[in-house]
Amino acid sequence: MTPQPLADNLSPPDPARLAQSIKDWGRELGFQQVGISDVELGEHEAHLQRWLEAGYHGEMDYMAAHGSKRSRPAELVPGTLRVISLRMDYLPGDTRMAQVLATPEKAYVSRYALGRDYHKLIRKRLQQLAERIQAEVGPFGFRAFVDSAPVLEKAIAEQAGLGWIGKNTLVLNRKAGSYFFLGELFVDMPLPVDPAMDSEHCGRCSACLDICPTAAFVGPYRLDARRCISYLTIEYKGAIPLELRPLIGNRVFGCDDCQIVCPWNRFARPTGQGDFQPRHSLDNAELAELFLWSEEEFLGRTEGSPLRRAGYERWLRNLAVGLGNAPSTIPVLEALKARRGFPSELVREHVEWALRRHGET
């Protein structure tokens with residue numbers, strides 16, 4: 001269903017009962033947790049502004065766009081009174097995270113990206129939830145978001161009681177860790193709000209800050225995206241800085257290190273969503289094998305996958321860095337040499353860097 005523009009609507013009968021029903025319906029649709037937030041995000045707006053002014057967003061210009069709308073839901077979607085925040089876990093049953101990271105000839109893909117793209121799946125579930133609400137109360141104004149618009153989803157999740165923003169800047173949940181996606185439904189109904197998570201439970205722990213391969217955390221709760229492997233391998237379009245390439249290791253799409261070491265993730269549970277299970281053995285693939293994919297193979301095997309966001313050229317760029325950090329084996333060297341004449345200058349430069357790492361000129 002196409003989202004309707006928000007409109008004035010009478011208060012629904014028995015808001016508390018409706019709020020509980022919304023949470024029940026959300027769980028029936030596969031969400032593990034549902035909370036309701038108001039539209040005041042308080043200090044989060046100032047925190048975002050300081051982060052932007054420091055330049056920590058790198059080339060993610062969209063983070064600075066839209067002005068105050070990002071931190072003010074009622075300005076982004078006029079008429080919004082509440083935000084329904086929902087959590088869906090994504091961790092596969094057999095993660096192989098430590099195993100793959102410890103095997104330098106393997107390609108490490110962030111575990112959220114191993115299955116189908118979460119955007120479409122969660123957006124569809126949000127639409128279904130809106131339809132269920134509409135069947136109960138009649139027409140109402142709503143708009144669904146899944147990491148695809150200027151929404152401070154982590155701040156909203158904290159306000160809705162889904163967890164707290166940890167030192168690694170991710171939302172943490174005492175019963176579920178941090179391996180989950182977030183979705184939001186902006187609504188024009190004055191539903192009762194849930195208690196905000198106004199305390200954090202990281203304590204003295206600094207495991208996430210200490211483990212970061214590229215020292216991307218400038219302090220607790222402060223991430224410099226320009227040094228973050230997830231940013232460099234997914235969002236960044238240029239040549240990866242030379243000084244960071246050896247630190248990236250075999251991480252070719254995203255990074256999970258600050259989640260892997262988080263003590264709260266011992267409570268993370270495997271997802272029940274089949275769509276989030278690994279496809280094409282990407283949880284245990286060889287760097288050299290992936291590097292030899294043609295563009296047609298890349299497009300075919302990443303159809304409906306988050307990996308499409310990088311595109312073929314940056315996919316090869318990332319793999320070249322991984323191969324440069326891999327052992328000097330015959331398959332590694334042959335794969336790199338096969339790409340020496342690749343049309344993209346970006347790819348060629350990373351290939352030559354990788355070959356020099358192996359003593360090849």
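Including glycine, each Cβ sits where the backbone N, Cα and C put it.
Over in Swiss-Prot, the protein carries these features:
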- ASP147: active site, proton donor (ACT_SITE)
- CYS202, CYS205, CYS208, CYS262: [4Fe-4S] cluster 1 binding site (BINDING)
- CYS212, CYS228, CYS255, CYS258: [4Fe-4S] cluster 2 binding site (BINDING)
- 193-222: domain '4Fe-4S ferredoxin-type' (DOMAIN)
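A map of Swiss-Prot features onto the structure.
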residue : record                          : Cβ neighbours (10 Å)
ASP147  : active site, proton donor       : 14
CYS202  : [4Fe-4S] cluster 1 binding site : 20
CYS205  : [4Fe-4S] cluster 1 binding site : 16
CYS208  : [4Fe-4S] cluster 1 binding site : 24
CYS212  : [4Fe-4S] cluster 2 binding site : 19
CYS228  : [4Fe-4S] cluster 2 binding site : 25
CYS255  : [4Fe-4S] cluster 2 binding site : 25
CYS258  : [4Fe-4S] cluster 2 binding site : 27
CYS262  : [4Fe-4S] cluster 1 binding site : 24
Secondary-structure category, per DSSP, in which the residue listed as 'active site, proton donor' falls: coil
Distance [Cα-Cα, Å, rounded] between CYS262 ([4Fe-4S] cluster 1 binding site) and the residue listed as 'active site, proton donor': 23
Whole-number Å value for how far CYS258 ([4Fe-4S] cluster 2 binding site) lies from CYS205 ([4Fe-4S] cluster 1 binding site) (Cα to Cα): 12
Cβ-centroid neighbourhood (8 Å) of the [4Fe-4S] cluster 2 site, CYS212, CYS228, CYS255, CYS258 excluded: ASN168, CYS208, ILE211, PRO213, THR214, ALA216, PHE217, LEU223, ILE229, SER230, ASP257
Shortest C-alpha distance to ASP147 (active site, proton donor) - which of the binding-site residues CYS202, CYS212, CYS255: CYS255
The domain '4Fe-4S ferredoxin-type' (193-222): DSSP-derived helix, strand, coil residue counts: 5 helix, 4 strand, 21 coil
Shell list ([4Fe-4S] cluster 1; ref centroid = CB of CYS202, CYS205, CYS208, CYS262; cutoff 8 A): GLY166, LYS167, ASN168, LEU172, SER206, ALA207, LEU209, CYS258, VAL261, PRO263, TRP264
Integer Å distance between the CA atoms belonging to CYS258 ([4Fe-4S] cluster 2 binding site) and CYS208 ([4Fe-4S] cluster 1 binding site): 4
Assigned conformation of CYS258 ([4Fe-4S] cluster 2 binding site) - DSSP reduced to three states: helix
